[in-house]
Every structure is written in structure tokens, then in C-alpha cells.
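Taken verbatim from TrEMBL:
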BINDING   52  ATP binding site
COMPBIAS  302-340  compositional bias 'Polar residues'
DOMAIN    25-282  domain 'Protein kinase'
REGION    295-343  region 'Disordered'
REGION    365-384  region 'Disordered'
């Protein structure tokens, strides 16, 4: 056995994970907190990286090794890349791709609030679905993420490319899980009810994320506790309907968060539908973060989207992209409608936060740092 193989075995590293010498890394700044430790921006050789340090208590070591193991198996443009790991105590850490755009949560809910379009929102949801579909279809052992939510979705390339991160809760798809990993606002009911669950729990979470990126609202933000959210979801409550949302998008959301997992689509089916829907949205490659909403801007939004009949009719015939048309989603006070760099036929023009602090990973989804308003929402309850 070679010295490197001995080193891997002694450190608990799975095969194909590169051991990285701590002396090759120069730390720059702390940028956030992960699920089990500090996240630091650093320079490794000639590239910027994110170091995810493991805290010393033993419970997190299993999650740390699990994330190393899972990330070593994946290679997808919408999943954060693992470069290697430092296993020399006390500096045990993952060395990962650095996401300079920060988390999707920040873009959705923190100030200053950058303007983005519906093309961005739909693209983020589609990219997330593609990454998750890849996990579900992996061979020989498909995987379930189990903790999909905007804090675990990172942005790169000026906010246009989404990467899934935080694989400490991932499990094999072949295993029917019964523990309640995940966060209440995005958690499928079968997870917190203690039932056996499958990859369809990720589909439920994705449906909530789709609603969140379009509505620019934190799901269940007016409910005080995780237990109260779980009870409401158990009883059939879902996020409220979005005014003027095209029916095919609304129907996809509702199907994904159906109480019965068997009635939810597969993630591969979700990707197929999203690929068609995204043909209606222009401008997903436009950089975000340069233009911000005024701090006194009303947070309520109205939507002017492709007519419901146009989208539904075209969906029925397989989207005709040459005839597709979109309009802007504008703020009620109309003070941010005159942005020449946003295509006229982009949908959701306005949506939020700061992408300036990279890798803001740890976010309490139940914190309410500000009232984002609910002007585009109509109350709605979906009963199974």
C-alpha cells in the first residue's frame, strides 16, 4: 500500500478524495457557518476555495465524513465541487468550490435587494431540479438530498448559475428513511410525521423553492415555530397562490407539494416540464447584483406574465418558443420599471438581496429579518 493510500485509510477518507496539505492553503476571511462548522474563504494553489471546518464534537464527524463520501461520488454543473479534504487535526476541513455569489437565500431575502427577473427565478429552479434529478438517478446508488432549501443553494457567475451544497444529510435512495433531517418550512409531511420516505421528499422541497423564488417570500414566514409549521403542513396548508401565475407553473407547484408522495412527479419529470416552461422566459444569463431596489421601495409586486391561455395552450402542444412572449413583473409603485439592461420581455423583474457576502450558508429559516410584503399573494390552502 502506498503512502497516500495509508494516509487516506488513517484519515477515514473515501477513495478518490484528494488529501490536501494544510500548508498549501492560505485563509482569507470567515464567510459564514455551515451545518457543522465555520466556512472560510481561502486560496489553494491558484484558485479561491471554501473551507468547511468540522467542529470537534463527534456527532458532526459522521456528517462530515458522509458529506466527503457523497461529494466524492458526484460530478454535475449544478452541484458544488469537492476538491479534496484536510484531515489533520485540529484543521479538519473540506476544500470545496468557492461560490462568490453567496446563497440563494441572500438574494431572495436580504438587503440591499438586487433586481432579478422571472427568467432568473425559473432558471434557478430548473438548475436545482437538474442537480437533484442527477442525484436521484445516480448509479449504482441513487441519493436523496433531504435538506433542499435556498440557504443550501449557492450562486456563481454573477448569480446566473446555481449549485447545490450541504450534503451532510444526503442518504442512499434505496434506503427508506425515518429520521427528520431537513428544515420545517421546506420539509415534506412524511418526513416529520415519522413515516418512511423516499426521493419524493426532495420533490416536495423543490416545489416550495419554486414558489419562493417566484413569490419572493419566505414560506410560512408568519408562523412562529417549526412545530406550528409542521402541524399546518400536516393539515394540508401550503404557501398561498401567486396572483397571475401561469397555470402550468402553479399546477407544477401543487403537484410537487401533494401530501401523497406517489402523486408527486419524479424529479426527471419536473426537469422536463421546466425545460419547456423556461422557453417563455428571456434573460436568464443577464448578471444580477448591479442594480438594487431603493430601500424605501414597496416590497409588494404585481405580475404581468404571458397570458394563461397562451402558456397553457402552448404547453399542450409542446412549447413553441418562436411565438413565446413575456412581460415584466413590476413593482406596484413602478419606480424600478425603467431598467434598460433588463429585456422588455423578461418576467419577474424585481427580487432581492445582497450577493456581496459569499457563502452565507447558515440561515435560520424561521427568522424574520424584514417584512417582504405579500402584495402578490392570495390566501390559499391545499388539502390532500
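Cβ coordinates come from backbone N, Cα and C, glycine included.
Curation plays no part in TrEMBL annotations; they are all automatic predictions.
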### Summary
One finds that other Cβ atoms within 10 Å of the Cβ of the residue listed as 'ATP binding site' number exactly 29
## Note on the structure
In the domain 'Protein kinase' (25-282), averaged pLDDT is 89
